[in-house]
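Features as listed in TrEMBL:
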- 24-354: domain 'Ammonium transporter AmtB-like' (DOMAIN)
- 12-34: transmembrane segment (TRANSMEM)
- 54-76: transmembrane segment (TRANSMEM)
- 88-108: transmembrane segment (TRANSMEM)
- 120-139: transmembrane segment (TRANSMEM)
- 146-165: transmembrane segment (TRANSMEM)
- 177-202: transmembrane segment (TRANSMEM)
- 214-233: transmembrane segment (TRANSMEM)
- 302-324: transmembrane segment (TRANSMEM)
- 336-356: transmembrane segment (TRANSMEM)
Amino acid sequence: MATPPPAWPRRLLPLSLGLFQGALLLFFALFVTYGEPSAQKEEANLVAKQVYSIFPFFQDIQVMLVVGLGLLLTFLPRYGLSALTHNFLLLNFSTQWALVLQGLLHHFHHGQVHLDLRNLLTAEFAAVTVVISVGAVLGRTSPFQLLVVAACEVPVYLASEWAIVTQLGVLDVGGTITIHVFSCYFGLGVSKALFGAARWTVHPKETPTPLSDLLSLVGTLILWVFWPSFVAVLCQPGDAQHRAILNTILAMSASAVTTVVASSLTERDGKLSPSHLQNGSLAGGVAIGAVADMALPPVAALALGSLSAAACVLGFRFLTPLLARKLALQDQCGIHNLHGLPGILGAAASAVAVLVTPEDTS
């Protein structure tokens, strides 16, 4: 008679989450508070304007991350429910963990952490890096392993963001460098650490079906529609935010069209590849984040969107198989093609933009 497997591994996830949530409750009870109510009418009006200017963008970003990104990960036909669930869990876990760390590092005054909507937004940006990174190991890890990755990645992201933005003074309103490039290579590092030199063959259950591709494409469309809010939310209201929205729409429109062209030319039968369309259409939004609010001509946004989409499609077609063959590097979702390559293009574009822009330009 076979001995049943021990029950403790199955209890590891709920016990860990329970301890984390209990510790978080204690931390919030002791240290976290909201700001003092505004006594002056002018201050109250200023707070109201900040809420009304941020919250619509914040809602769009919530739809992007919970629904759009979750559906994008459902291309694996037997893993769709798990992908949605794990994405939702990691997003909430990582946001709360980031709130604690950000509060202690940046918002701890007189024994209290003051919480506001902007703090919550930046904490959610930290969570974005986690849900992007785990795309490299999608379907090959347990939920507890994913939580360990999240617990480790959030503090590393905060340190990286502080070094890039605060110490180096890099302009990156849309998170091209701090979010997309960082999360890509952190995720690839996790994949290499977990699987080493093992060469994984494609399992029949990993082959997308028309239904799973359709759900994933719906996620792409949701992300495509709301992406300008993600890029523009932290821009200065006014001209900078206006430019960021326009540049993002132009870049993503160009990337959508270029994806169709590049995919048709690189596929042998001339048909569109679902994975190309699901990812390449978003590449322009990744690349434009570093320069979105800069005083660029519209043609620069179109060109950057086209280049990033071409890089994404070519990455799927040639680079991913090469990395798997030469380095045994597993990248289940192709995060290197969607976040890494366009992110590097966007970073290079931001450097060029700063160098060629006249000194008297904003």
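Just so it is clear, glycine is given a Cβ too, placed from its N, Cα and C backbone atoms.
With respect to Cβ pairs under 8 Å, the transmembrane segment (88-108) is most closely packed against 120-139, considering the stretches 54-76, 120-139, 146-165, 302-324, 336-356. Summed and averaged per residue, pLDDT over the domain 'Ammonium transporter AmtB-like' (24-354) gives 91. Outside the transmembrane segment (146-165) by six or more residues, the chain places 13, 16-17, 86, 89-90, 93-94, 97-98, 101-102, 105, 126-127, 129-130, 133-134, 172, 177-178, 182-183, 186, 190 with a CB less than 8 A from a CB of the stretch. Proximity of distant same-chain residues to the transmembrane segment (302-324), defined by a Cβ-Cβ separation under 8 Å and at least 6 residues beyond the stretch ends, is recorded for 199, 250-259, 262-263, 266, 273, 275-276, 279-281, 283-284, 286-288, 291, 330-331, 334, 336-338, 341-342, 345-346, 349.
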